[in-house]
Amino acid sequence: MDRYAVIGHPIGHSKSPLIHALFAAATGQALEYTAIEAPLDGFAATVNTFRAAGGRGVNVTVPFKLEACAYATEVSERARIAGAANALAFDGTHCRADNFDGVGLVRDIVTNLRHPIAGKRVLMLGAGGAARGALQPLLAAGPTELFIANRSAAKAAELANAFHALGLGAGVLAGGGWDDLAARGAYDIVINATSASLTAEPLPLPPGVFGHDTLAYDMVYGKGLTPFLRQARDAGAGRLADGLGMLVEQAAETFAWWRGVRPTTLPVIERLRVPLA
Ligand code: ATR
């Protein structure tokens, strides 16, 4: 049976084995998918061991996404732009890397939540790896504005400039700090890509960034109403979502990349969904 795994540290909470088992059952694919915790200094060794035992591919999660890019012999353009990979596929000595996080996010917003990005104003909170990974697919979805706001304003501006240097986001993408938000009005979509939800800290956002039709999207999942989502609800945001759909959509993209069959995602999202409030 073909073997796959998700590798991270820690890995205990991962829903990926269940998601891929549901996909395999629904598409009639015979495969095994497990979760492997690699030591912080042992990503490459762990992948090598898995490959030597016949592994065909892995998903990669925190904190190894950058290392996954460096490990591969062939890196997709979007993974290179993201500076990170979340999926590897093995073929003999060859190893391909790709990043499906951003396309998963866009698919969840546009297809599942039916919230268009084209022609809309999008606010990205955070300028770390999670934000960077989502920028190119978000830009490709055609927003009129994509503003990156970050605790460290300089880091957000640097990220926007790095994309401009790659020829991406001219006239659309810009970055700054929380103080820049008050003057910018309400956004159609506000995405939380900071790691603040993991520490239960609210962000210093002016309530005016949320309007009645705003979709507030937290990339984390399974944490119920995060401080960010509570903040958005209290400020009047019309629609709240956590990152479960993004997780399932990126898994489906990975599954299709490995197996050549794209599973249906909505039944899996429904099965795993935990009510937000
Ligand atoms: P990840 O890979 O999850 O994106 P990261 O690269 O370490 O992790 O980035 C974390 C992001 O969350 C950064 O944008 C960080 O802001 P700074 O660049 O200013 O450090 C943001 N972040 C983390 N904790 C935060 C907090 N308590 N309040 C606001 N932003 C926070």
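Positions of Cβ are set from backbone N, Cα and C atoms, glycine also.
Automatic prediction, not curation, is the source of TrEMBL annotations.
Per TrEMBL, these features apply:
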- Lys65: active site, proton acceptor (ACT_SITE)
- Ser14, Lys15, Ser16, Thr61, Asn86, Asp101, Tyr221, Gln250: shikimate binding site (BINDING)
- Glu77, Gly126, Ala127, Gly128, Gly129, Ala130, Met219, Gly243: NADP(+) binding site (BINDING)
- 6-87: domain 'Shikimate dehydrogenase substrate binding N-terminal' (DOMAIN)
- 116-197: domain 'Quinate/shikimate 5-dehydrogenase/glutamyl-tRNA reductase' (DOMAIN)
- 243-271: domain 'SDH C-terminal' (DOMAIN)
Sequence-remote contacts (6 or more beyond its ends) of the domain 'SDH C-terminal' (243-271), Cβ cut-off under 8 Å? 4, 15-16, 19-20, 22-23, 26-27, 29, 31, 56-57, 59, 86-87, 89, 98, 100-101, 103-105, 107-108, 112-113, 217-222
Most distant Cα pair in Å, residues Ser14, Lys15, Ser16, Thr61, Asn86, Asp101, Tyr221, Gln250 binding shikimate: 17
Just to be sure I understand the contacts, which binding-site residues have a Cβ under 6 angstroms from any atom of ligand 1? Candidates are Lys15, Gly128, Gln250. Gly128
Per DSSP, the domain 'Quinate/shikimate 5-dehydrogenase/glutamyl-tRNA reductase' (116-197) contains 33 helix, 20 strand, 29 coil
Looking only at Gly126, Gly128, the binding-site residues on record, which one has the least crowded Cβ, with the fewest other Cβ atoms within 10 Å? Gly128
Just going by other Cβ atoms within 10 Å, which of the recorded positions Lys15, Lys65 has the emptiest spot? Lys15
When you tally the Cβ atoms that lie within 10 Å of each candidate's Cβ, which of the binding-site residues (Glu77, Asp101) has the highest tally? Asp101
